[in-house]
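Some notes on the structure that comes next.
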């Protein structure tokens, strides 16, 4: 079939045939270059899509981490308030123990005094 394609060139001058051959070579070269550029373009588009997906995944992960961080901060606040309440309760109870200890000592002294009076 290639002979039919070449048939139209019959009878042309060598100079014209040479120019046709150069143009055909240039067309082939340009076709190959176009294919290479198309492949590069497809490769770059795939890489771009991959980067976009990576960025989207990182955004999602960032949002998850922000929510987790917020939750942990709220938990820390809650624990700090609980710690303060327990600390306050402990101080109140220590004060009560000190008061009761003082009352106990006073009662012991009263008992000792009364025992001394009874012995007399």
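Using N, Cα and C of the backbone, Cβ positions are placed for all residues, glycine too.
What TrEMBL lists as domain 'Centromere protein Cenp-F N-terminal' is 1-120. What TrEMBL lists as compositional bias 'Polar residues' is 97-106. The region 'Disordered' feature in TrEMBL is assigned to 97-120. If you look up TrEMBL, you'll see 107-120 marked as compositional bias 'Basic and acidic residues'.
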For the compositional bias 'Basic and acidic residues' (107-120), residues assigned helix / strand / coil by DSSP: 13 helix, 0 strand, 1 coil
Tally of DSSP helical, extended and coil residues in the compositional bias 'Polar residues' (97-106): 10 helix, 0 strand, 0 coil
